[in-house]
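Quick look at what TrEMBL annotates:
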- 84, 86, 253, 331: Zn(2+) binding site (BINDING)
- 84, 86, 253, 331: Fe(3+) binding site (BINDING)
- 93, 156, 189, 256, 336: 4-imidazolone-5-propanoate binding site (BINDING)
- 156, 333, 335: N-formimidoyl-L-glutamate binding site (BINDING)
- 75-418: domain 'Amidohydrolase-related' (DOMAIN)
Ligand code: NIG
Ligand code: FE
């Protein structure tokens, strides 16, 4: 079979290969993944079929039907995996940016009826077509940044009908363009405005009126925000246990602003990821790593404390030393991170959380794939995986988090097609 696409002369081919059968990369594995110098990667239709040093390229598979891309000595790597976004929403919160700059805190804005609830009003008022257009706009932005898989949470409807609508929009957006979309149900973002002060009743409503209508094959994860002003530890546990009994994988937003114990609780239930974790202590991280045998991924979101003007960043370095696998994501959303620049998040993970460039790259590819159950399909370059890959405008991986705020992407390939 001839190759349909061949990328030759890759100065450094960052494979992140080898973990798919075992688990997310932990400890030293996060910085020891293979780099091939002067290499090629070959695809047949949607799939990677071969890679290796240029000297091992089988020219017999390269025919007139093969599209050949010369990387010219540049870095080639897997497409980025964005494992935590709130993709579908109406409006924006530029008006609250001023309030934040004047010193108002995130939870105070929420308590005054703004924050997440202001986006809920805009989202409920938007038509399906408007929400879809916005989601497609944001996916196009992600694609420019080399993001080839995006997790997309609901959570700005906060009633049964709108939450289901947001998941349908996310799925439709996935069908309309090449970036792959993995939907997550975050109806338990905060209690809906109709349930103010009655969080447990709101969760009962979700368990009775929404979860039974979702198919875990299509919406694989259920997420909850465990925080003051959102849901308590006890409510979150009860809700996640029910979601698990119904066949969903689990995720949690926890230890973002306070240490309520949400990460440890969700990890004990076997959550695929624990997200934010800015207030998670290294001791608790070590307990989680041991208890889950490194299967639960801590998703670090360094652009959030930056945008919320907070000093506290998750101790990512300590998490890695404790054996907890970490991923990095933007948390793209209109309130705490209106940025799709995952490269900037990588730089910030190095600057503020102590990751090395190699760890940060693993965190935004293979470990991010694990954090959304996509490790069989994406996050590394190896035969049998989807041909989602990037040619970057740099010649050494160390440059990637160094060029602060730049987009190093020169070419994006999704499913073997040059975009
Ligand atoms: O992940 N922390 C809770 N939820 C989102 C922000 C949502 C919003 O402010 O609109 C987050 O940061
Ligand atoms: Fe989030």
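Yeah, the Cβs are placed from backbone N, Cα and C, and that goes for glycine too.
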Out of 156, 189, 333, 335, which of these binding-site residues is nearest residue 86 (Zn(2+) binding site) by C-alpha distance?
333
Euclidean distance between Cα atoms of residue 93 (4-imidazolone-5-propanoate binding site) and residue 253 (Zn(2+) binding site), Å
21
Taking ligand 2 as the reference and 6 angstroms as the Cβ limit (strictly under), which binding-site residues among 189, 256, 331, 335, 336 are close?
331
Residues close to N-formimidoyl-L-glutamate site centre defined by 156, 333, 335, Cβ within 8 Å
86, 89, 93, 116, 119, 155, 334, 336
Ligand 1: which of the binding-site residues 84, 93, 156, 333, 335, 336 have a Cβ closer than 6 angstroms to it?
333, 335, 336
Of all the binding-site residues given, 256, 333, which residue's CB has the most CB neighbours within 10 A?
256
Comparing the Cα of residue 335 (N-formimidoyl-L-glutamate binding site) with the Cα atoms of the binding-site residues 84, 93, 156, 189, 256, the shortest distance belongs to 93
Can you grab the distance from residue 331 (Zn(2+) binding site) over to residue 93 (4-imidazolone-5-propanoate binding site)? Cα atoms, rounded to a whole Å.
15
